[in-house]
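Asker: Pulled the feature table from TrEMBL, pasting it below:
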- ARG17: active site (ACT_SITE)
- ASN35: active site (ACT_SITE)
- 2-95: domain 'Acylphosphatase-like' (DOMAIN)
- 225-419: domain 'YrdC-like' (DOMAIN)
Amino acid sequence: MVKKFIIKGLVQGIGYRPFVAKIADELNIAGWVRNTGGIVTVMACGSEEDLKSFHRKLSFDVPTGGFVTDIRIENVDNSDEFRLSEKGTGFVILESDEDVQENLPLIPADIATCDTCKSELLDPANRRYMHPFISCTICGPRYSIIEKLPYDRDTITMADFEMCDDCRAEYTGKKDRRRHAQTIACKDCGPSLKFVRLKYKITDNVTECGNVDNIVDIYNENDIVSEISRSSQLIKSGGILAIKDIGGYHLACDPFNEKAVAALRILKHREAKAFAVMFEDVDKVREFCNVDNFEADLLESPARPIVLVRRREDVSFPQNVCLTSPDIGAMLPCNPVQIMLVHECGSLIMTSGNASRDVLEIDNDRMTAWLQERVNSGELPEDVPVGILSHNRRILRPMDDSVMKVVRGRKQFIRRGRGHVPNPIPVDISGEIFAAGGDLKSSFCYVKDGLAYVSQYLGDLEAVSCQQFYKNEMTGMEQIFGFKPEAVVCDLHPGYFSRKMAAQLAEDRALPISYVQHHKAHVAAVIAEHHLQGQVLGFAFDGTGYGEDGTVWGSEVFIWDGKGNMERVAHMKPVKLIGGNEGAKNCDTILTGMLHAAVQDDKDTNPNAKLIAAAIDNNINTVVSTSMGRWFDAMSAHLDICHYNSYEGQAPIELENIVYTNSDKGIIAREFIYSVADFILTQAKKYQIKQVVLSGGTFLNRILLERTIDILEAEGFQVYISEQLPPGDGSICLGQAYLAHFNILHHKLRTPS
Ligand SMILES: [Zn+2]
Ligand SMILES: [Zn+2]
């Protein structure tokens, strides 16, 4: 009996074909398996009984990172198709067939080095001992190096490297675990590392032409073990190392070396934000942090995100690394270079290497130039050595580390990137839609066949480099997945870059466009992710979003009727505040505005209070705002905790951190946060809608979220938050797509003029 299986799902780049071949061999099934533009086709000949268990096993125990969404079976006579297998004996893996295109193209996210590869890496007897690019069918870079589907050697940047005979033998070997491992390489044929140490005094090495060439110590490219030991030596001697990783550069140093950490802060211009730390394994994390099983699973998951875990009170950790944070952003090594470095050096600070731009750096020359410029600036202490460990495999798209935490048994993204993008999120959305997202903490999504492909974190679109990144990612995703959206949706904000991109796309392709209010999109994103049916009471609390009345919204309560209508039923009292960038960052100015609105000017200690009040009274550069974020800012200034947001959300974060100190200020801060939770409970009791959605960046506040969940659940409400996307603006693209889908159903779309 011959049957054809057409398998859809995430089945490329995870070793699915070798997996199928192994099952076939076990069951004595003859035939072949082939990749076809994102789906896998299997022709199988065997007894009815064996074909049945074959079918069952095809979707069971799928290799790491993959999943099967659908298997279609066709009965086949002894046709020409089947005879393909006669070329070989038994069961064969055929080359990819590029001509046939089918739906549901999927490509896995980058996958952390698997345990087997890790033990080979550290085994002196293995031929890939200390090989920095070891990988196999179930691990290694994927999305960051793919040009287009199908996922194959030719379509990834490993195409730059010709396989040696040994690797080719494994690649084609019948039972080899690297059979058809597209990233296969070894020290004879793969990419290589290069360590360069930067020198401080630029006068040391002036060339005849007058050009300054002050980079020294360029070693033999193939001397791999040596590159790692030189790098380790630099770190151990208190240096800072820029490392080209899977998705771009990291900057690393020893967290226990105070001088190195201080120098890293100067180098990065990062004074106020905690650094993430890479530990060798979960046990090492537990030496400093309390890690529950859920958190341990996240740390060890193939995506290897940074996970915020609570510091132990009985063990100290260098203050300059965590600053006021009660947590450590902990992560485990996710690639061979990191495994080797942490193995040699112990724990390492790992922070994004953004160079001078707002986007993670992937280019060796730009990174070198920026580092050299920083070294030349004279700001760094000269006894802190600086080096670069780069490699010659091209990265096609920057991929920042994902950052997560666990709150009341739910996972929460702070940033969604490496290891999770481009894994799609199943949603009840019909049609093919492009949703442009927002401009802050930006990300967009394409929806196709009920799957939402959300882009990675793209940064704030005020920065030109982030705008370019946004455009590149759009082009890249369309090229890889072949998206052809039938409708476009974006934010209401007339000044948003993302809205311009959406309008451009709609105009170029004559597509209908719709506009969705920012906070409605927040709530809708959670509804879509959890497939909620019926009425929902939705809270969207954040710093800023363009309201339907043109004012700034940010403390919105909505009722969703389950049929496409979302009604704004409550919000904080609108307050007139100073507008613009400064108005959102300067907490003292915000506090003055709040006090002035409450006719409490006599309690204001801000020396500029009179000036600010006059500006507000005369409507000079003012906005009317219901922003919840501004209340947290004002409270932070009022308690003399943080007066200026040097990074987004700093004042609310510091306000949260002080609660853990149990000081007098901490008690007041906690009561303030609890009062926000009480407001939510009051609203929930008023409307008596069982399903409650909490959305918006304000819910990154752990104390607020835990308190709100606790008191709502105690009253019998079901609480939903974003678990697959960040609660902040990184999720609004999904909400836009969901609401646009209802607009399409109700024909509310506008065709661009
Ligand atoms: Zn592996
Ligand atoms: Zn090789």
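Any Cβ shown, glycine's included, is placed from N, Cα and C.
What you see is a predicted model, and the numbers here were worked out from it, not measured in a lab.
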Asker: Across all the protein chains here, work out how many other Cβ atoms are within 10 Å of the Cβ of ASN35 (active site).
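Answerer: If we count other Cβ atoms within 10 Å of ASN35 (active site), we arrive at 24.
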Asker: I'm trying to understand the geometry here, so how far is the Cα atom of ASN35 (active site) from the Cα atom of ARG17 (active site), in Å to the nearest whole number?
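Answerer: Cα-Cα distance, ASN35 (active site) to ARG17 (active site): 8 Å.
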Asker: For ARG17 (active site), just count the other CB atoms lying within 10 A of its CB, please.
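Answerer: By my count, 22.
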Asker: Where does the mean pLDDT land for the domain 'Acylphosphatase-like' (2-95)?
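Answerer: On average, pLDDT over the domain 'Acylphosphatase-like' (2-95) sits at 81.
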Asker: How does the domain 'Acylphosphatase-like' (2-95) divide up by DSSP, counting helix, then strand, then coil residues?
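Answerer: Computed counts for the domain 'Acylphosphatase-like' (2-95) are 30 helix, 36 strand, 28 coil.
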